[in-house]
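Here is what TrEMBL says about this protein:
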BINDING   3, 4, 5, 6, 7, 131, 132, 133, 134, 135, 136, 137, 138, 139  ATP binding site
BINDING   48, 55  substrate binding site
């Protein structure tokens, strides 16, 4: 299967999920994440979910991580095909962008090289850390700017896919993949 065929397959699977399944899987992913890691005093990048696309609901995870860490949220620039990052605080206000992605409309800018952990939305991933998103390349460009020591963790509603082929040289592999069933540590983990 090509990347586009795999992408379409997982989009269709996600579309079939009931609201109850989305809530349950998101809770399992959050629980698995929090059992595996106890980050403290880290700067963590985390996406906010696009609910209409049935992405993993990261809001409970962000609330837990925010107790002992700084959290930054991406802001997408569709003209330049890149992201900036805003520090989350108690005054942060959000607005959906043109694509329905909730983003901070205010806040302190974050230097990408200072981010220590990146939590990434996935359609699919394999055991090697190859990942498949929506195909726009936002995370590919962002991850190449991160420090080599940055921990890369993907979240997906589904089990690991068989080997994802057709991956490009620009694709940055994950260190870990969190699913509702558990955590996969890839050969790229530090």
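Start at 1 and count along the chain as shown; that gives each residue its number.
Every residue, even glycine, has its Cβ placed from backbone N, Cα and C.
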May I ask you to report the DSSP-based helix, strand or coil state of residue 55 (substrate binding site)? coil
If you measure residue 55 (substrate binding site) to residue 136 (ATP binding site) at Cα, how many Å is it? 16
Taking all protein chains shown into account, the Cβ-based neighbour count within 10 Å for residue 3 (ATP binding site) is 17
For each of the binding-site residues (5, 55), count the other CB atoms lying within 10 A of its CB, then report the residue with the highest count. 55
Which Cβ among the binding-site residues (48, 132) has the fewest C-beta neighbours inside 10 Å? 48
Cα distance (Å, whole number) from residue 48 (substrate binding site) to residue 138 (ATP binding site): 14
Can you check which residue among the binding-site residues 7, 136 has the largest number of Cβ atoms within 10 Å of its own? 7
